[in-house]
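Q: Before I ask anything, here is the structure I am working with.
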Amino acid sequence: MSTTTAPAPRRTAPALPRKGSAPAPRRTAWTPTLLLLLGAVYCLVPVVWVVTAATKSRQELFTTFTYAPGSGFWDNLTELSSYRGGVYWQWMANSALYAGAGALLSAAVSGVTGYALAKYRFRGRSAVFNVLLAGVLMPPITLAVPQYLLMSKAGLADSYWSVLLPSILSPYGIYLSRIYAEAAIPDEVVEAARVDGAREWRLFRSVALPMMVPGLVTVFLFQFVAIWNNFLLPYIMLGDDHKFPVTVGLYSLLQQGANEPALYTLVITGALLSILPLIALFLGMQRYWRVDLLSGAVKS
Amino acid sequence: MASPPPAARARRRRGSLAPYGFLGPATVLFTLFFALPIGFAVYLSLRAVKVKGLGLGSHARTEVWAGLSNYTSALADPELLSGSGRVLLYGALLVPTMLGAALFFALLLDVPRVRFGAFSRLVIFLPYAVPGIVASTLWGFLYLPQVSPGYYLLTQAGMSGPDLLHGNGLYLAMANIAVWGGTGFNMIVIYTSLRALPAELYEAARLDGCSELQIALRIKIPLVAPSLVLTFFFSMIATLQVFAEPMTIKPLTNSMSSTWSPLMKVYRDAFVQGNIYSAAATSVVIAAATLLLSFGFLKLVNKRANGGS
């Protein structure tokens, strides 16, 4: 995949000295640097804790100093893996399925919708866009309760479909795709292809879509995180814990931990493992986190 | 829909129906998973179960029209009002702190000659990848006096720490989780709009001897105001919809009721008490209040923008 067809992402570039400020001495600005590092330390407080706490045995968890490493990581890991026949790994696989398939479909639907809204003038265009965006404002529970009841009527409650299907349509994704299509696909290119006799669908498939790929990767990533982190929808839809995503699974474990504190070490180890895939996705695909799309700061 | 006049139809290019085709999948999904559930929620909110006699037998419980009675009882329920009050207080702590920190860090990242900027930016953004459930679990443990390093240090110094899991401390505890989770994302949104400003804007100011602080206050902040409005708007909506975090903290404290936030109340009414009709009415009230607040806010912003220019 290449970003050559898109405006270069500015935010991944290191903070270059501004042009024209060359005469200024090249001293480090220490106060801002230290304040930023302080912010980074605050953000790492719980992350470093979960890493050390996952190494603590049951006895060490509440007795040793917060950040002192313990001796029980492998025990915690094997205990978590064998908990109820390895249901934790089932939760992780479910999360990957919900987030992966959901985000892929979401990027596809957002792409085709955003393209239509950006590149065609047609009756009802702004009405469609506004109605879709108003979807963002709907409290998730106002949707989830009737969605659950309707899914029950359709015999789909407590199934994979009940979590996957409502996650596909993403107003944010459509908004991002529209902005990206407007910036990345020149009207002249579309017109030229049309003169060459390309049909509209083929025009989208072979001309517009390749130009939209970097933007759609961003939509995929945002939607992947949104679905992976979602709690309310799967919590309401699912009853069978073999279909739980990892958020709902960890929550159920934490609930039991209130009566059975022995489970706390499992909750902590599970929490650590559950954030690793997203952190990896983050670090691995940094240049695709085009948050600038959100603020509409794309320049064509 | 009226058909276009003949002249327009003649000018219509091939493919003028294509956009409607492209919108097909989104329309189907929107109808099934947004419009239909919302309509069903409104329908349910106007219904109720009537129990005949002793409520025994298969036909003893029937669904009937209830008019607006679910709405009057939802609005009269003191728990909805106090839940909204709690969420507003929580939001009043959270939103200014989070956006203030986000703006502060974004401005610091934009200062020339900052070191480790890429590292700090990434680490401050990292909590965005942590689900609310996990973030609340981690902080929840760190709020326990046996675990928290803060309490440890305070005890060593001979002081006692605040109780974050009971009484008013709970608001701080909840707001901190959201500040931790949301600052980085908003920082990136603001930072990217700062980076999109042309550097020439500052050069004259720098040549005139303006300090970086003056440039930030007088030039940068006014120019990124649209991003601040956007982040404020989305933070406000997210605050009203808080659910996963209080649900996670609840087992750790007896100060958190099962109706702490309005969404939790809807959940309890629907699935713990089994009254989907009253839950539907409450959820419609919450949706209407959200829409009203949002449009009011957008109107206010537009008025300001037009009045200012």
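From the backbone N, Cα and C atoms, a Cβ is placed for every residue, glycine too.
From TrEMBL, here are the annotated features:
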TRANSMEM  B:20-46  transmembrane segment
DOMAIN    B:84-297  domain 'ABC transmembrane type-1'
TRANSMEM  B:87-110  transmembrane segment
TRANSMEM  B:122-144  transmembrane segment
TRANSMEM  B:169-191  transmembrane segment
TRANSMEM  B:223-244  transmembrane segment
TRANSMEM  B:276-298  transmembrane segment
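Mind mapping these onto the model and telling me what they sit next to?
A: Counting residues 6+ beyond its ends, the transmembrane segment (B:87-110) has Cβ neighbours under 8 Å at 117, 120-121, 124, 171-172, 174-175, 178-179, 182-191, 194-195, 216, 220-221, 224, 228, 231-232, 235-236, 239-240, 242, 261-262 in the same chain.
Cβ atoms under 8 Å from those of the transmembrane segment (B:122-144) belong to residues 105, 150, 164-165, 173, 176-177, 180-185, 187-188, 244-245, 248-249, 252 of the same chain, restricted to positions at least 6 beyond its ends.
Here the transmembrane segment (B:223-244) has long-range neighbours at 87, 90-91, 94-95, 98-99, 102-103, 106, 131-133, 136, 174, 178, 182, 186, 189-190, 193-194, 197, 201, 261-264, 267, 286, 289-290, 293-294, 297-298, 301, meaning same-chain residues at least 6 beyond its ends whose C-beta is under 8 angstroms from one of its own.
Sequence-distant contacts of the transmembrane segment (B:276-298) (same chain, at least 6 residues past either end, Cβ-Cβ under 8 Å): 38, 41-42, 44-45, 47-49, 66, 70-71, 73-75, 77, 80, 233, 236-237, 240-241, 262-263, 265-267, 269-270.
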